[in-house]
Amino acid sequence: MSNVGKPILAGLIAGLSLLGLAVAQAAAPEMTAEEKEASKQIYFERCAGCHGVLRKGATGKNLEPHWSKTEADGKKTEGGTLNLGTKRLENIIAYGTEGGMVNYDDILTKEEINMMARYIQHTPDIPPEFSLQDMKDSWNLIVPVEKRVTKQMNKINLQNVFAVTLRDAGKLALIDGDTHKIWKVLESGYAVHISRMSASGRYVYTTGRDGLTTIIDLWPEEPMTVATVRFGSDMRSVDVSKFEGYEDKYLIGGTYWPPQYSIVDGLTLEPIKVVSTRGQTVDGEYHPEPRVASIVASHIKPEWVVNVKETGQIILVDYTDLKNLKTTTIESAKFLHDGGWDYSKRYFMVAANASNKVAAVDTKTGKLAALIDTAKIPHPGRGANFVHPQFGPVWSTGHLGDDVVSLISTPSEESKYAKYKEHNWKVVQELKMPGAGNLFVKTHPKSKHFWADAPMNPEREVAESVYVFDMNDLSKAPIQLNVAKDSGLPESKAIRRAVQPEYNKAGDEVWISLWGGKTDQSAIVIYDDKTLKLKRVITDPAVVTPTGKFNVFNTMNDVY
(Lines of atoms letter the chains of each structure in order from A; the text may use other names.)
(Lines give C-alpha, C1' and ligand atoms only; values in the text may rest on other atoms or scores of the structure.)
Protein backbone atom coordinates (compact mmCIF):
# COMPACT_ATOMS: atom_id res chain seq x y z
CA MET A 1 0.00 0.00 0.00
CA SER A 2 1.34 3.46 -0.85
CA ASN A 3 2.12 6.03 1.81
CA VAL A 4 -0.71 8.18 0.42
CA GLY A 5 -3.18 5.34 0.93
CA LYS A 6 -2.34 4.77 4.61
CA PRO A 7 -3.55 8.13 5.97
CA ILE A 8 -6.65 7.92 3.78
CA LEU A 9 -7.40 4.45 5.16
CA ALA A 10 -6.73 5.66 8.70
CA GLY A 11 -9.06 8.58 8.16
CA LEU A 12 -11.73 6.27 6.75
CA ILE A 13 -11.44 3.94 9.76
CA ALA A 14 -11.64 6.88 12.15
CA GLY A 15 -14.64 8.23 10.30
CA LEU A 16 -16.41 4.89 10.41
CA SER A 17 -15.64 4.63 14.14
CA LEU A 18 -17.16 8.04 14.76
CA LEU A 19 -20.14 7.10 12.62
CA GLY A 20 -20.59 3.91 14.67
CA LEU A 21 -20.44 5.92 17.87
CA ALA A 22 -22.99 8.36 16.52
CA VAL A 23 -25.31 5.50 15.53
CA ALA A 24 -24.91 3.92 18.98
CA GLN A 25 -25.56 7.26 20.65
CA ALA A 26 -28.59 7.89 18.44
CA ALA A 27 -29.97 4.51 19.49
CA ALA A 28 -29.87 5.50 23.15
CA PRO A 29 -33.28 6.40 24.64
CA GLU A 30 -34.12 10.08 24.83
CA MET A 31 -33.44 11.98 28.05
CA THR A 32 -33.96 15.58 29.08
CA ALA A 33 -31.06 17.62 30.42
CA GLU A 34 -32.68 17.53 33.87
CA GLU A 35 -32.99 13.74 33.75
CA LYS A 36 -29.33 13.39 32.78
CA GLU A 37 -28.20 15.57 35.67
CA ALA A 38 -30.36 13.69 38.16
CA SER A 39 -29.15 10.34 36.80
CA LYS A 40 -25.52 11.43 36.95
CA GLN A 41 -25.92 12.15 40.67
CA ILE A 42 -27.66 8.83 41.36
CA TYR A 43 -24.95 6.98 39.42
CA PHE A 44 -22.24 8.68 41.46
CA GLU A 45 -23.97 7.90 44.76
CA ARG A 46 -25.10 4.34 44.04
CA CYS A 47 -23.23 2.81 41.10
CA ALA A 48 -19.77 4.28 40.43
CA GLY A 49 -18.04 2.38 43.21
CA CYS A 50 -18.63 -1.03 41.63
CA HIS A 51 -18.96 -0.12 37.95
CA GLY A 52 -16.45 2.74 37.62
CA VAL A 53 -16.77 6.39 36.62
CA LEU A 54 -16.23 5.46 32.96
CA ARG A 55 -18.48 2.38 33.46
CA LYS A 56 -15.81 -0.09 32.37
CA GLY A 57 -16.64 -2.35 35.33
CA ALA A 58 -14.66 -3.90 38.19
CA THR A 59 -16.55 -5.54 41.03
CA GLY A 60 -19.65 -4.79 38.95
CA LYS A 61 -20.26 -5.40 35.25
CA ASN A 62 -19.19 -3.16 32.36
CA LEU A 63 -22.03 -0.66 31.78
CA GLU A 64 -20.85 0.99 28.56
CA PRO A 65 -23.44 1.26 25.75
CA HIS A 66 -21.24 -1.05 23.67
CA TRP A 67 -18.11 -2.99 24.54
CA SER A 68 -15.97 -5.69 22.98
CA LYS A 69 -13.09 -7.76 24.26
CA THR A 70 -10.75 -10.38 22.88
CA GLU A 71 -10.09 -13.44 25.04
CA ALA A 72 -6.69 -15.11 25.40
CA ASP A 73 -7.74 -17.70 22.80
CA GLY A 74 -8.52 -14.94 20.29
CA LYS A 75 -12.28 -15.21 20.64
CA LYS A 76 -14.03 -11.84 20.48
CA THR A 77 -17.13 -11.11 22.54
CA GLU A 78 -19.35 -8.05 22.46
CA GLY A 79 -22.07 -6.63 24.64
CA GLY A 80 -23.37 -3.45 26.18
CA THR A 81 -26.32 -1.77 27.79
CA LEU A 82 -27.84 -0.92 24.41
CA ASN A 83 -28.09 -4.63 23.67
CA LEU A 84 -29.88 -5.25 26.96
CA GLY A 85 -32.47 -2.54 26.43
CA THR A 86 -34.46 -0.43 28.84
CA LYS A 87 -36.90 -3.06 30.12
CA ARG A 88 -34.25 -5.63 31.02
CA LEU A 89 -32.07 -2.98 32.63
CA GLU A 90 -35.05 -1.83 34.70
CA ASN A 91 -35.50 -5.37 36.02
CA ILE A 92 -31.81 -5.69 36.92
CA ILE A 93 -31.80 -2.35 38.73
CA ALA A 94 -35.06 -3.06 40.54
CA TYR A 95 -34.42 -6.64 41.64
CA GLY A 96 -30.61 -6.93 41.78
CA THR A 97 -28.49 -9.91 40.77
CA GLU A 98 -27.10 -13.07 42.33
CA GLY A 99 -23.61 -11.60 41.92
CA GLY A 100 -24.10 -9.27 44.87
CA MET A 101 -25.92 -6.27 43.39
CA VAL A 102 -28.73 -5.28 45.74
CA ASN A 103 -32.30 -4.57 44.69
CA TYR A 104 -33.03 -0.85 44.26
CA ASP A 105 -36.82 -1.07 44.15
CA ASP A 106 -36.90 -0.06 47.82
CA ILE A 107 -34.35 2.72 47.33
CA LEU A 108 -35.29 4.33 44.00
CA THR A 109 -38.74 5.18 42.66
CA LYS A 110 -40.07 3.48 39.51
CA GLU A 111 -39.45 6.72 37.65
CA GLU A 112 -35.84 6.85 38.85
CA ILE A 113 -35.27 3.21 37.90
CA ASN A 114 -36.56 3.90 34.40
CA MET A 115 -34.40 7.01 34.19
CA MET A 116 -31.27 5.10 35.23
CA ALA A 117 -32.02 2.30 32.75
CA ARG A 118 -32.06 4.92 29.99
CA TYR A 119 -29.07 6.84 31.33
CA ILE A 120 -26.62 3.93 31.25
CA GLN A 121 -27.39 3.40 27.56
CA HIS A 122 -25.76 6.77 26.86
CA THR A 123 -22.02 7.28 26.48
CA PRO A 124 -20.55 8.22 29.89
CA ASP A 125 -19.23 11.72 30.46
CA ILE A 126 -15.56 12.08 31.37
CA PRO A 127 -15.15 14.13 34.57
CA PRO A 128 -12.45 16.82 34.84
CA GLU A 129 -8.97 16.07 36.16
CA PHE A 130 -7.83 17.28 39.60
CA SER A 131 -4.31 18.68 39.83
CA LEU A 132 -2.00 19.54 42.71
CA GLN A 133 -3.05 23.17 42.26
CA ASP A 134 -6.72 22.15 42.46
CA MET A 135 -5.93 20.42 45.75
CA LYS A 136 -4.14 23.51 47.04
CA ASP A 137 -7.11 25.67 46.06
CA SER A 138 -9.43 23.37 48.04
CA TRP A 139 -7.22 23.19 51.14
CA ASN A 140 -8.69 24.76 54.28
CA LEU A 141 -6.52 24.94 57.40
CA ILE A 142 -9.09 25.83 60.05
CA VAL A 143 -6.89 25.56 63.15
CA PRO A 144 -3.10 25.73 62.64
CA VAL A 145 -1.05 23.22 64.62
CA GLU A 146 0.43 25.89 66.91
CA LYS A 147 -3.07 27.05 67.93
CA ARG A 148 -4.36 23.60 68.87
CA VAL A 149 -4.64 22.47 72.47
CA THR A 150 -1.55 20.79 73.88
CA LYS A 151 -3.29 18.21 76.07
CA GLN A 152 -6.60 16.34 76.21
CA MET A 153 -9.24 18.78 77.46
CA ASN A 154 -12.11 16.30 77.93
CA LYS A 155 -12.67 13.23 80.09
CA ILE A 156 -13.75 10.90 77.28
CA ASN A 157 -12.02 7.52 76.98
CA LEU A 158 -10.75 8.38 73.51
CA GLN A 159 -9.45 4.90 72.72
CA ASN A 160 -13.00 3.54 72.98
CA VAL A 161 -14.64 6.19 70.82
CA PHE A 162 -16.39 4.97 67.65
CA ALA A 163 -16.31 7.02 64.44
CA VAL A 164 -19.57 6.17 62.68
CA THR A 165 -20.36 7.04 59.07
CA LEU A 166 -23.84 8.55 58.59
CA ARG A 167 -23.82 7.79 54.89
CA ASP A 168 -26.70 9.69 53.33
CA ALA A 169 -26.52 12.56 55.82
CA GLY A 170 -22.94 13.40 54.83
CA LYS A 171 -21.89 13.41 58.47
CA LEU A 172 -19.77 11.53 60.99
CA ALA A 173 -20.96 10.64 64.49
CA LEU A 174 -18.44 10.23 67.29
CA ILE A 175 -19.96 7.91 69.90
CA ASP A 176 -18.60 7.30 73.39
CA GLY A 177 -18.05 3.54 73.56
CA ASP A 178 -18.24 3.53 77.36
CA THR A 179 -21.60 5.31 77.71
CA HIS A 180 -23.06 4.54 74.24
CA LYS A 181 -23.97 8.21 73.91
CA ILE A 182 -23.35 10.41 70.89
CA TRP A 183 -20.50 12.77 71.72
CA LYS A 184 -20.57 14.90 68.57
CA VAL A 185 -21.90 14.86 65.01
CA LEU A 186 -19.72 16.65 62.46
CA GLU A 187 -20.01 17.53 58.79
CA SER A 188 -17.77 15.18 56.85
CA GLY A 189 -18.57 15.25 53.15
CA TYR A 190 -20.76 12.74 51.37
CA ALA A 191 -20.76 9.06 52.35
CA VAL A 192 -17.56 8.71 54.36
CA HIS A 193 -16.02 5.44 53.24
CA ILE A 194 -13.47 5.00 56.00
CA SER A 195 -12.15 6.66 59.13
CA ARG A 196 -8.49 6.19 59.98
CA MET A 197 -6.69 7.18 63.16
CA SER A 198 -3.43 9.01 63.63
CA ALA A 199 -0.57 6.99 65.09
CA SER A 200 -1.03 9.00 68.30
CA GLY A 201 -4.79 8.37 68.49
CA ARG A 202 -5.46 12.11 68.72
CA TYR A 203 -6.83 12.64 65.23
CA VAL A 204 -9.52 10.98 63.14
CA TYR A 205 -9.08 11.22 59.37
CA THR A 206 -12.21 10.74 57.28
CA THR A 207 -12.52 10.40 53.55
CA GLY A 208 -15.73 10.41 51.57
CA ARG A 209 -17.03 9.53 48.16
CA ASP A 210 -16.98 13.19 47.17
CA GLY A 211 -13.18 13.30 47.56
CA LEU A 212 -13.20 15.39 50.73
CA THR A 213 -10.79 14.47 53.54
CA THR A 214 -11.01 15.97 57.03
CA ILE A 215 -8.96 15.90 60.22
CA ILE A 216 -10.96 15.79 63.44
CA ASP A 217 -9.10 16.66 66.64
CA LEU A 218 -10.32 14.63 69.64
CA TRP A 219 -8.38 16.56 72.30
CA PRO A 220 -10.50 19.74 72.69
CA GLU A 221 -13.44 19.83 75.09
CA GLU A 222 -15.58 19.01 72.06
CA PRO A 223 -14.06 17.37 68.98
CA MET A 224 -13.60 19.69 66.04
CA THR A 225 -12.55 19.65 62.40
CA VAL A 226 -9.15 21.35 62.11
CA ALA A 227 -8.41 20.98 58.38
CA THR A 228 -9.97 19.78 55.12
CA VAL A 229 -8.76 19.15 51.59
CA ARG A 230 -10.27 17.67 48.46
CA PHE A 231 -8.27 14.91 46.74
CA GLY A 232 -10.55 14.58 43.70
CA SER A 233 -14.19 13.90 42.89
CA ASP A 234 -14.40 10.35 44.29
CA MET A 235 -12.18 8.47 46.73
CA ARG A 236 -12.13 5.58 49.18
CA SER A 237 -8.89 5.41 51.15
CA VAL A 238 -6.40 7.30 53.31
CA ASP A 239 -3.73 6.40 55.83
CA VAL A 240 -1.01 8.18 57.77
CA SER A 241 2.69 7.42 57.99
CA LYS A 242 3.24 5.13 60.99
CA PHE A 243 6.90 4.08 60.91
CA GLU A 244 9.07 5.23 63.82
CA GLY A 245 10.28 8.78 63.25
CA TYR A 246 7.55 9.49 60.68
CA GLU A 247 4.46 9.11 62.87
CA ASP A 248 1.65 11.27 61.41
CA LYS A 249 4.13 13.27 59.30
CA TYR A 250 2.35 12.47 56.04
CA LEU A 251 -1.06 11.33 54.88
CA ILE A 252 -1.73 9.53 51.61
CA GLY A 253 -5.08 9.43 49.85
CA GLY A 254 -6.11 7.48 46.78
CA THR A 255 -8.88 8.52 44.43
CA TYR A 256 -11.29 6.70 42.17
CA TRP A 257 -11.37 9.84 40.03
CA PRO A 258 -8.97 11.02 38.86
CA PRO A 259 -7.03 7.74 39.08
CA GLN A 260 -4.12 8.86 41.25
CA TYR A 261 -2.76 8.98 44.77
CA SER A 262 -1.74 12.16 46.56
CA ILE A 263 0.43 12.90 49.58
CA VAL A 264 -0.31 15.73 52.01
CA ASP A 265 1.01 16.95 55.35
CA GLY A 266 -0.29 14.65 58.07
CA LEU A 267 -1.18 17.39 60.56
CA THR A 268 -2.38 20.19 58.26
CA LEU A 269 -3.40 18.38 55.03
CA GLU A 270 -1.33 20.81 52.96
CA PRO A 271 -0.94 19.17 49.51
CA ILE A 272 2.57 18.03 48.60
CA LYS A 273 2.52 15.56 45.70
CA VAL A 274 0.19 13.92 43.14
CA VAL A 275 1.07 10.66 41.34
CA SER A 276 -1.06 9.21 38.52
CA THR A 277 -1.90 5.49 38.45
CA ARG A 278 -2.87 5.34 34.77
CA GLY A 279 -0.96 2.69 32.88
CA GLN A 280 -0.81 -0.95 31.91
CA THR A 281 -2.73 -3.72 33.62
CA VAL A 282 -1.16 -7.03 34.64
CA ASP A 283 -2.42 -8.27 31.26
CA GLY A 284 -0.40 -5.62 29.43
CA GLU A 285 -3.40 -3.53 28.35
CA TYR A 286 -3.59 0.23 28.90
CA HIS A 287 -6.36 1.31 31.26
CA PRO A 288 -7.57 4.93 31.51
CA GLU A 289 -9.18 4.56 34.96
CA PRO A 290 -7.06 2.48 37.38
CA ARG A 291 -8.71 3.49 40.65
CA VAL A 292 -6.91 3.43 43.98
CA ALA A 293 -8.65 1.06 46.36
CA SER A 294 -7.32 0.20 49.83
CA ILE A 295 -4.21 1.84 51.31
CA VAL A 296 -2.42 0.80 54.50
CA ALA A 297 0.74 1.90 56.29
CA SER A 298 3.41 -0.75 56.77
CA HIS A 299 4.36 -1.66 60.33
CA ILE A 300 7.93 -2.67 59.43
CA LYS A 301 9.07 -0.13 56.81
CA PRO A 302 8.45 3.56 56.04
CA GLU A 303 6.07 2.59 53.25
CA TRP A 304 2.44 2.61 52.26
CA VAL A 305 0.81 -0.31 50.48
CA VAL A 306 -1.31 1.12 47.65
CA ASN A 307 -3.68 -1.21 45.82
CA VAL A 308 -4.68 -0.21 42.29
CA LYS A 309 -7.95 -1.80 41.33
CA GLU A 310 -8.05 -2.10 37.53
CA THR A 311 -4.35 -2.72 36.87
CA GLY A 312 -4.03 -5.45 39.49
CA GLN A 313 -0.83 -3.84 40.73
CA ILE A 314 0.22 -3.25 44.33
CA ILE A 315 2.51 -0.26 44.80
CA LEU A 316 4.79 0.08 47.81
CA VAL A 317 5.40 3.82 48.26
CA ASP A 318 8.49 4.81 50.26
CA TYR A 319 7.77 8.12 52.02
CA THR A 320 11.29 8.88 53.31
CA ASP A 321 12.10 11.16 50.34
CA LEU A 322 9.09 12.60 48.53
CA LYS A 323 11.21 14.64 46.11
CA ASN A 324 12.91 11.47 44.87
CA LEU A 325 9.97 9.14 45.35
CA LYS A 326 10.81 5.44 45.30
CA THR A 327 8.11 2.90 44.59
CA THR A 328 7.98 -0.86 44.11
CA THR A 329 5.31 -2.23 41.77
CA ILE A 330 4.10 -5.76 42.44
CA GLU A 331 1.94 -7.63 39.94
CA SER A 332 -0.97 -9.57 41.39
CA ALA A 333 -4.47 -9.90 39.90
CA LYS A 334 -7.42 -7.71 38.88
CA PHE A 335 -9.47 -6.10 40.38
CA LEU A 336 -7.89 -5.20 43.71
CA HIS A 337 -10.25 -3.92 46.38
CA ASP A 338 -10.04 -4.08 50.18
CA GLY A 339 -7.97 -6.07 52.63
CA GLY A 340 -6.06 -6.15 55.89
CA TRP A 341 -3.04 -7.42 57.76
CA ASP A 342 -2.46 -11.03 58.66
CA TYR A 343 -1.84 -12.25 62.21
CA SER A 344 1.86 -11.25 62.09
CA LYS A 345 1.25 -7.85 60.41
CA ARG A 346 3.98 -8.70 57.92
CA TYR A 347 1.69 -9.77 55.09
CA PHE A 348 -1.01 -7.59 53.60
CA MET A 349 -3.94 -9.61 52.29
CA VAL A 350 -6.01 -7.94 49.56
CA ALA A 351 -8.97 -9.22 47.58
CA ALA A 352 -8.75 -9.26 43.79
CA ASN A 353 -12.47 -9.73 43.79
CA ALA A 354 -13.29 -9.95 40.08
CA SER A 355 -10.53 -12.57 39.73
CA ASN A 356 -11.80 -14.58 42.73
CA LYS A 357 -8.40 -14.41 44.39
CA VAL A 358 -6.65 -12.98 47.43
CA ALA A 359 -3.15 -11.56 46.98
CA ALA A 360 -0.66 -11.75 49.85
CA VAL A 361 2.11 -9.14 49.85
CA ASP A 362 5.24 -9.67 51.91
CA THR A 363 6.02 -6.14 53.11
CA LYS A 364 9.38 -7.29 54.50
CA THR A 365 10.75 -8.49 51.15
CA GLY A 366 8.61 -6.22 48.97
CA LYS A 367 7.36 -9.15 46.89
CA LEU A 368 4.18 -11.06 46.20
CA ALA A 369 4.04 -13.99 48.60
CA ALA A 370 1.04 -15.80 47.14
CA LEU A 371 -2.12 -15.62 45.04
CA ILE A 372 -4.83 -17.71 46.65
CA ASP A 373 -7.95 -18.88 44.82
CA THR A 374 -11.16 -18.23 46.73
CA ALA A 375 -14.89 -18.48 46.17
CA LYS A 376 -16.72 -15.90 44.05
CA ILE A 377 -16.03 -12.19 44.65
CA PRO A 378 -14.13 -12.10 47.95
CA HIS A 379 -14.90 -8.99 50.02
CA PRO A 380 -13.03 -9.08 53.33
CA GLY A 381 -13.29 -5.50 54.55
CA ARG A 382 -10.09 -5.76 56.57
CA GLY A 383 -10.63 -9.47 57.11
CA ALA A 384 -10.33 -11.21 60.46
CA ASN A 385 -7.46 -13.08 62.14
CA PHE A 386 -7.56 -15.88 64.67
CA VAL A 387 -5.70 -19.05 65.60
CA HIS A 388 -7.54 -22.03 64.15
CA PRO A 389 -7.52 -25.09 66.45
CA GLN A 390 -6.39 -27.32 63.58
CA PHE A 391 -4.52 -25.04 61.14
CA GLY A 392 -2.94 -22.30 63.27
CA PRO A 393 -3.08 -18.60 62.32
CA VAL A 394 -5.66 -17.88 59.64
CA TRP A 395 -6.93 -14.75 57.91
CA SER A 396 -10.49 -14.81 56.65
CA THR A 397 -12.69 -13.26 53.99
CA GLY A 398 -16.36 -13.43 53.15
CA HIS A 399 -17.76 -13.22 49.62
CA LEU A 400 -20.26 -11.10 47.77
CA GLY A 401 -20.95 -13.85 45.27
CA ASP A 402 -20.82 -17.04 47.34
CA ASP A 403 -22.24 -18.37 50.60
CA VAL A 404 -18.97 -19.16 52.36
CA VAL A 405 -16.29 -17.52 54.47
CA SER A 406 -12.80 -18.65 53.42
CA LEU A 407 -10.13 -19.25 56.06
CA ILE A 408 -6.58 -18.88 54.69
CA SER A 409 -3.57 -20.23 56.59
CA THR A 410 -0.89 -17.54 57.04
CA PRO A 411 2.80 -17.90 58.02
CA SER A 412 4.21 -17.07 61.42
CA GLU A 413 7.76 -16.73 62.69
CA GLU A 414 6.67 -17.94 66.13
CA SER A 415 8.08 -21.42 66.73
CA LYS A 416 4.83 -22.70 68.25
CA TYR A 417 3.15 -22.29 64.85
CA ALA A 418 5.91 -23.93 62.78
CA LYS A 419 3.93 -27.18 62.57
CA TYR A 420 1.27 -25.45 60.46
CA LYS A 421 3.69 -24.36 57.71
CA GLU A 422 2.46 -26.96 55.21
CA HIS A 423 -0.96 -25.27 55.21
CA ASN A 424 0.31 -21.74 54.49
CA TRP A 425 -1.40 -19.83 51.67
CA LYS A 426 -4.14 -22.42 51.32
CA VAL A 427 -7.85 -22.13 52.00
CA VAL A 428 -8.01 -24.58 54.89
CA GLN A 429 -11.73 -24.30 55.65
CA GLU A 430 -14.90 -22.70 54.33
CA LEU A 431 -17.55 -21.65 56.83
CA LYS A 432 -21.07 -22.03 55.46
CA MET A 433 -23.26 -18.92 55.41
CA PRO A 434 -27.03 -18.84 54.70
CA GLY A 435 -26.40 -17.00 51.44
CA ALA A 436 -24.05 -14.72 49.52
CA GLY A 437 -23.76 -10.97 50.01
CA ASN A 438 -21.20 -10.71 52.82
CA LEU A 439 -19.28 -7.45 53.22
CA PHE A 440 -17.50 -7.73 56.57
CA VAL A 441 -16.12 -10.33 58.96
CA LYS A 442 -14.71 -9.60 62.39
CA THR A 443 -13.30 -11.13 65.55
CA HIS A 444 -11.13 -10.00 68.46
CA PRO A 445 -8.13 -11.55 70.30
CA LYS A 446 -10.20 -11.75 73.51
CA SER A 447 -13.23 -13.36 71.88
CA LYS A 448 -14.22 -16.91 70.98
CA HIS A 449 -16.70 -15.62 68.40
CA PHE A 450 -16.40 -14.84 64.70
CA TRP A 451 -19.01 -12.47 63.23
CA ALA A 452 -20.13 -12.14 59.60
CA ASP A 453 -22.80 -10.00 57.95
CA ALA A 454 -24.71 -10.45 54.66
CA PRO A 455 -26.17 -7.01 53.86
CA MET A 456 -26.00 -7.45 50.09
CA ASN A 457 -28.14 -10.59 50.10
CA PRO A 458 -31.50 -10.04 48.34
CA GLU A 459 -33.47 -11.95 51.01
CA ARG A 460 -34.75 -9.63 53.74
CA GLU A 461 -34.20 -11.97 56.69
CA VAL A 462 -30.65 -12.81 55.59
CA ALA A 463 -29.68 -9.19 54.94
CA GLU A 464 -31.17 -7.99 58.23
CA SER A 465 -29.21 -10.53 60.30
CA VAL A 466 -25.65 -11.29 61.35
CA TYR A 467 -24.12 -14.73 61.83
CA VAL A 468 -21.88 -15.75 64.73
CA PHE A 469 -19.52 -18.76 64.60
CA ASP A 470 -17.96 -20.44 67.63
CA MET A 471 -14.22 -20.52 66.91
CA ASN A 472 -13.77 -23.39 69.38
CA ASP A 473 -16.02 -25.59 67.23
CA LEU A 474 -16.22 -24.39 63.65
CA SER A 475 -18.12 -27.50 62.60
CA LYS A 476 -21.26 -25.98 64.12
CA ALA A 477 -23.61 -23.82 62.09
CA PRO A 478 -23.53 -20.13 62.98
CA ILE A 479 -26.04 -18.56 65.34
CA GLN A 480 -28.32 -16.14 63.51
CA LEU A 481 -29.06 -12.82 65.22
CA ASN A 482 -31.87 -10.90 63.55
CA VAL A 483 -30.61 -7.38 64.12
CA ALA A 484 -33.66 -5.69 62.60
CA LYS A 485 -36.01 -7.49 65.00
CA ASP A 486 -33.71 -6.96 67.96
CA SER A 487 -33.64 -3.22 67.25
CA GLY A 488 -37.33 -2.90 68.11
CA LEU A 489 -37.86 -0.52 65.21
CA PRO A 490 -41.13 -0.66 63.25
CA GLU A 491 -41.29 -2.57 59.96
CA SER A 492 -40.26 -0.64 56.86
CA LYS A 493 -40.58 -1.11 53.10
CA ALA A 494 -36.83 -0.83 52.66
CA ILE A 495 -34.61 -3.69 53.82
CA ARG A 496 -32.73 -2.60 56.94
CA ARG A 497 -29.31 -4.07 56.24
CA ALA A 498 -27.23 -5.27 59.18
CA VAL A 499 -23.70 -4.24 58.32
CA GLN A 500 -20.15 -4.27 59.66
CA PRO A 501 -19.65 -5.88 63.07
CA GLU A 502 -17.16 -3.78 65.05
CA TYR A 503 -15.72 -4.58 68.48
CA ASN A 504 -15.13 -2.12 71.27
CA LYS A 505 -11.63 -1.78 72.71
CA ALA A 506 -12.18 -4.40 75.43
CA GLY A 507 -13.44 -6.97 72.94
CA ASP A 508 -16.62 -7.67 74.92
CA GLU A 509 -19.15 -5.77 72.78
CA VAL A 510 -19.99 -5.93 69.07
CA TRP A 511 -21.67 -2.97 67.37
CA ILE A 512 -23.81 -3.53 64.26
CA SER A 513 -25.16 -0.81 61.96
CA LEU A 514 -28.78 -1.22 60.94
CA TRP A 515 -28.77 0.63 57.63
CA GLY A 516 -32.28 1.58 56.57
CA GLY A 517 -33.71 3.94 54.01
CA LYS A 518 -32.85 7.62 54.27
CA THR A 519 -36.32 8.49 55.57
CA ASP A 520 -36.58 5.44 57.87
CA GLN A 521 -35.26 5.24 61.41
CA SER A 522 -31.88 3.53 61.51
CA ALA A 523 -30.01 2.23 64.54
CA ILE A 524 -26.78 0.91 65.97
CA VAL A 525 -27.40 -2.37 67.77
CA ILE A 526 -24.93 -3.48 70.44
CA TYR A 527 -24.50 -7.10 71.54
CA ASP A 528 -22.66 -8.67 74.45
CA ASP A 529 -20.00 -10.75 72.71
CA LYS A 530 -19.87 -13.44 75.39
CA THR A 531 -23.61 -14.11 75.75
CA LEU A 532 -24.76 -12.81 72.32
CA LYS A 533 -27.55 -11.02 74.18
CA LEU A 534 -28.80 -7.61 73.14
CA LYS A 535 -27.14 -4.92 75.23
CA ARG A 536 -28.19 -1.56 73.81
CA VAL A 537 -29.91 0.01 70.79
CA ILE A 538 -28.85 3.52 69.78
CA THR A 539 -31.80 5.11 67.95
CA ASP A 540 -30.99 8.80 68.26
CA PRO A 541 -32.62 10.80 65.40
CA ALA A 542 -29.12 11.92 64.41
CA VAL A 543 -28.24 8.32 63.48
CA VAL A 544 -29.18 8.50 59.79
CA THR A 545 -28.12 5.58 57.54
CA PRO A 546 -25.17 4.42 59.69
CA THR A 547 -22.71 2.18 57.86
CA GLY A 548 -19.00 1.94 58.74
CA LYS A 549 -17.91 2.10 62.38
CA PHE A 550 -14.30 2.45 63.45
CA ASN A 551 -13.20 2.01 67.05
CA VAL A 552 -10.21 4.27 67.74
CA PHE A 553 -8.04 1.70 69.53
CA ASN A 554 -8.78 -1.19 67.18
CA THR A 555 -8.24 0.95 64.08
CA MET A 556 -4.99 2.44 65.42
CA ASN A 557 -3.60 -1.01 66.15
CA ASP A 558 -5.14 -2.98 63.27
CA VAL A 559 -7.08 -5.26 65.61
CA TYR A 560 -9.43 -7.43 63.57
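Cβ from N, Cα, C; glycine included.
These come from Swiss-Prot:
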type	residues	note
BINDING	Cys47, Cys50, His51, Thr97, Met101	heme c binding site
BINDING	His193, Arg236, Ser237, Tyr256, Arg382, Gln500	heme d1 binding site
COMPBIAS	63-78	compositional bias 'Basic and acidic residues'
REGION	127-560	region 'D1-heme domain'
SIGNAL	1-26	signal peptide
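Structural mapping of features recorded in Swiss-Prot.
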{"residue": "Cys47", "record": "heme c binding site", "DSSP class": "coil"}
{"residue": "Thr97", "record": "heme c binding site", "DSSP class": "coil"}
{"residue": "His193", "record": "heme d1 binding site", "DSSP class": "strand"}
{"residue": "Arg236", "record": "heme d1 binding site", "DSSP class": "strand"}
{"residue": "Tyr256", "record": "heme d1 binding site", "DSSP class": "strand"}
{"residue": "Arg382", "record": "heme d1 binding site", "DSSP class": "coil"}
{"residue": "Gln500", "record": "heme d1 binding site", "DSSP class": "strand"}
Proximal residue to Arg236 (heme d1 binding site) among binding-site residues Cys47, Cys50, His51, Thr97, Met101 (C-alpha distance): Cys50
Alpha-carbon distance [Gln500 (heme d1 binding site); Met101 (heme c binding site)] in Å: 17
For the compositional bias 'Basic and acidic residues' (63-78), residues assigned helix / strand / coil by DSSP: 0 helix, 7 strand, 9 coil
CB contacts for Arg236 (heme d1 binding site) [other CB atoms within 10 A, all chains]: 23
Residues satisfying Cβ distance under 8 Å from Cys50 (heme c binding site), sequence separation of at least 6: Ala58, Thr59, Gly60, Met101
Distance from Cys47 (heme c binding site) back to His193 (heme d1 binding site), taken between C-alpha atoms, in Å: 14
Of the binding-site residues listed as Ser237, Tyr256, Arg382, Gln500, the one whose CA lies nearest the CA of Cys47 (heme c binding site): Tyr256
Max CA-CA distance, Å, over listed heme c-binding residues Cys47, Cys50, His51, Thr97, Met101: 14
Which same-chain residues, if any, lie at least 6 apart from Tyr256 (heme d1 binding site) yet have Cβ under 8 Å of it: Ala48, Gly49, Gly52, Val53, Gly232, Asp234, Met235, Arg236, Arg291, Val292
For Ser237 (heme d1 binding site), nearby residues of its own chain (Cβ under 8 Å, 6 or more apart in sequence): His193, Ile194, Thr207, Gly253, Gly254, Val292, Ala293, Ser294, Ile295
Greatest inter-residue Cα distance in Å for the heme d1-binding set His193, Arg236, Ser237, Tyr256, Arg382, Gln500: 22
CB within-chain contacts under 8 A for Gln500 (heme d1 binding site), separation at least 6: Gly381, Leu439, Phe440, Lys442, Asp453, Ile512, Ser513, Thr547, Gly548, Lys549
Cβ neighbours within the same chain of His51 (heme c binding site) - under 8 Å, at least six residues apart: Gly57, Ala58, Gly60, Lys61, Asn62, Leu63
Count of other CB atoms lying within 10 Å of the CB belonging to Thr97 (heme c binding site): 14
